[in-house]
Amino acid sequence: MITMTYSAPAKINLSLDILRKRKDGFHDMRMVMQTITLHDTLILHPHCGGGRITLSCGGAQVPCGEENLAWKAAQLFFEETDTPCDGLEMELRKRIPVSAGMAGGSADAAVVLKALRGLYRPSLPREELERIALKVGSDVPFCVRGGTVLAEGRGEQMTSLARMPRCPVVLCKPGFGISTPELFGRVTVSRLKTHPDTRGLVKAIALGDLRMAAGKLGNVFEEVLPQEYGEVFEIRDRLLGAGALNAGMTGSGPTVFALFDDETRAKGAYEALAKDYSETYLEKIL
Ligand code: C5P
């Protein structure tokens with residue numbers, strides 16, 4: 001049996017802005033997305049006969065059937081590229097928290113698409129893979145591309161930026177999950193009081209200026225977060241108090257991330273938060 005192993009890295013939103021609600025129910029976004037070192041691992045057994053796709057998730061709290069984005073990605077890949085499936089066993093080892101704003105499911109889907117392209121259709125253009133990715137979910141095209149990206153539209157209109165400096169990142173997820181569609185439902189674009197300075201952020205990244213970039217973090221979802229999720233802001237304040245350059249929520253939350261310019265301070269912040277939150281991580285910009 002052939003065994004292939006791949007890494008599926010999570011993302012954070014250095015900025016997240018919502019520009020308008022569209023007629024198709026989705027929202028037009030403007031986001032700077034960033035790959036980080038926190039990752040799931042995908043183990044594939046391709047060409048294993050029988051023509052079926054199977055997925056196991058080793059006891060993680062995620063659905064392992066056809067509703068799992070990794071499974072959906074594999075099925076769409078075979079369909080959309082007219083490739084006969086000659087049996088595919090997939091195993092996911094989850095480390096990225098679920099419903100956390102870190103695109104865990106999208107990262108898994110993206111790595112499946114990239115792996116299957118490598119195995120079955122190496123000449124498939126990147127644009128075509130990103131088109132299939134958008135059918136799986138709004139964050140999947142970014143996860144296919146990775147790096148530091150300005151993402152617009154639903155997230156599929158991507159401009160790759162210069163890499164962010166490889167600084168330490170502390171992430172901390174409170175013990176609840178937030179539903180993305182529910183949070184989108186709370187947004188009335190005309191009533192948003194502030195929008196992140198994405199242009200300024202893009203400029204700071206181009207300059208390679210970590211401190212300036214950290215000063216430009218922003219996420220409009222923080223403004224519409226229901227009161228019962230106030231712990232998000234408590235975590236943010238603790239990270240700032242521990243010497244972060246800046247901190248904010250990623251995606252639709254509830255994970256809070258903080259950027260540091262100093263390894264020791266980052267480790268101190270991680271250790272302080274990890275005492276109270278089991279889902280605390282000390283990682284890096286990838
Ligand atoms: O594309 P994805 O399946 O991740 O989207 C989940 C839900 O989030 C959508 O059904 C929609 O309610 C909301 N969404 C949105 N605008 C986006 C992305 C997601 O309204 N750009």
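In case you wondered, yes, glycine gets a Cβ from its N, Cα and C as well.
According to TrEMBL, the features are:
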ACT_SITE  LYS11  active site
DOMAIN    68-147  domain 'GHMP kinase N-terminal'
BINDING   PRO97, VAL98, SER99, ALA100, GLY101, MET102, ALA103, GLY104, GLY105, SER106, ALA107  ATP binding site
ACT_SITE  ASP139  active site
DOMAIN    202-278  domain 'GHMP kinase C-terminal'
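Feature annotations (TrEMBL) mapped to structure.
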residue : record           : DSSP class
LYS11   : active site      : strand
PRO97   : ATP binding site : coil
ALA103  : ATP binding site : coil
ASP139  : active site      : coil
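For the domain 'GHMP kinase C-terminal' (202-278), the mean pLDDT of the prediction comes to 98. Inclusion criterion for the binding-site residues SER99, GLY101, ALA103, GLY105, ALA107: a C-alpha placed within 10 angstroms of the C-alpha of LYS11 (active site); this criterion is met by GLY101, ALA103, ALA107. Around ALA103 (ATP binding site), a 10 Å sphere centred on its CB holds 29 further CB atoms from the protein chains shown. Excluding PRO97, VAL98, SER99, ALA100, GLY101, MET102, ALA103, GLY104, GLY105, SER106, ALA107, which define the ATP site, the same chain contributes ALA10, ILE96, GLY251 within 8 Å (Cβ to the Cβ centroid), listed in sequence order.
Spacing of PRO97 (ATP binding site) relative to ASP139 (active site) is 16 Å (Cα to Cα, whole number). If you draw a 10 Å sphere around the CB of GLY105 (ATP binding site), it holds 28 other CB atoms from the protein chains shown. Rounded to a whole number, the C-alpha distance linking ASP139 (active site) with ALA103 (ATP binding site) is 7 angstrom. Of all the Cβ atoms in the protein chains shown, 29 others lie within 10 Å of the Cβ of GLY101 (ATP binding site).
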